[in-house]
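According to TrEMBL, the protein carries these features:
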TRANSMEM  44-66  transmembrane segment
TRANSMEM  78-97  transmembrane segment
TRANSMEM  138-157  transmembrane segment
TRANSMEM  164-182  transmembrane segment
TRANSMEM  194-215  transmembrane segment
TRANSMEM  227-247  transmembrane segment
TRANSMEM  259-279  transmembrane segment
TRANSMEM  291-311  transmembrane segment
TRANSMEM  317-336  transmembrane segment
Amino acid sequence: MDGEVGENSFEHGRLGTLRRWGRFLCGPWNPRFKDVLTWQLCKTVAMGQALSMLICGTAVTCQYLANAGVETPMLQSFLNYTLLLLTYTFVLAFRRGENNIVQILKTKWWKYFLMALTDVEANYTVVKAYQFTTLTSIQLLDCFVIPVLMVLSWIFLKTRYRPLHFIAVAVCLLGVGAMVGADLLAGRDQGSSSHVLLGDGLVLVSAALYAVSNVCQEYTVKNLSRVEFLGMMGLFGTLISGVQMAIFESKAVPVINWNLKICLLFVVYTVCMYGLYSFMPVVVKMTSATAVNLSLLTADLFSLFCGMFLFHYNVSGMLFVFFLLITLGFIMFNIVPTYTADQSYSNNDRVYNLASSADVQQDGDIVVDLGQENEDRIGSRHRAHCNGFCSQI
């Protein structure tokens, strides 16, 4: 009898330790297995990888254009923004009331101008960096966008992260680092090595600009609308990229050999970029800008996989291990919801204690059943404070 009591006490103590670690990593969220592997999570993972494939498409077409001697990053951006203008900006033009483009421009034109300027310059600086530094450096340094995004989200969007979120980011970056290391061992350190510091600086500037643009995108699509964001990006992005193209590429564009292959490459690049810009706000609204950028880390893996067939790269079987590592980090980041600064820790602790206690506390003491009414009230309060996937559970 005493043995059974001791065994039960040991079991309760071990469960209590696991609960405490779970509380430290995940906060006051006590999910069951079916609450973790949801259809919403699977759909988000799939959509994130679709975005990575679109980025892979832009990378492959850029490589072919570079091999053909075409270096016109502003022209490529201009075509994408023009397509956004012809679709989403026109939709805004035919809306009525406060959502009409005229009303938006009257009150918020300067905000969208700055957002578009940030996005255009982010695209330009990262392409420009390829002329000065190596592909390996770009693959490593463009991950700088993720910590910058988390800091900006913490400051401006009041997003708060759990320890598991930081572990997930570390897992993703570990996968990228291992992939770049495998590239070095395989001898694929491609790119110019002149003015390396300038090129690396351009990559860091581009990452910071992308982070600012993505935070603005997250705020806009979650509080206003996706169409408004894309419509304004199309309008101001076309104007800004058009002016820069006229200044910097007035001599490069006329000398392009406009054969069928070059035209098709421009079309594929523009379609991929248009799809990326159109669907990325959908995934951002479902999760967050940080989560989306974590999923986009697999774009380099898809590019290497395509390079194996198109550019005859020697790809190691470890490629699939890197892919699984990054995907694992992305899933870890999304299974635990973030929360906002107005959600007090005292409320979190109270919700956690009430929701996770059934008949036995962490120390094994007997407690009174809370009742279905209290559980429903606690669950609704918890869901009201959570962001991201918590609203889907």
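Placed from the backbone N, Cα and C atoms, the Cβ positions cover glycine too.
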Any contact, the transmembrane segment (259-279) to the transmembrane segment (138-157), with at least 3 Cβ pairs under 8 A: no
Same-chain residues at least 6 beyond the ends of the transmembrane segment (78-97) whose Cβ lies under 8 Å from its Cβ atoms: 103-104, 120, 227-228, 230-235, 237-238, 241-242, 245, 266, 269-270, 273-274, 277-278
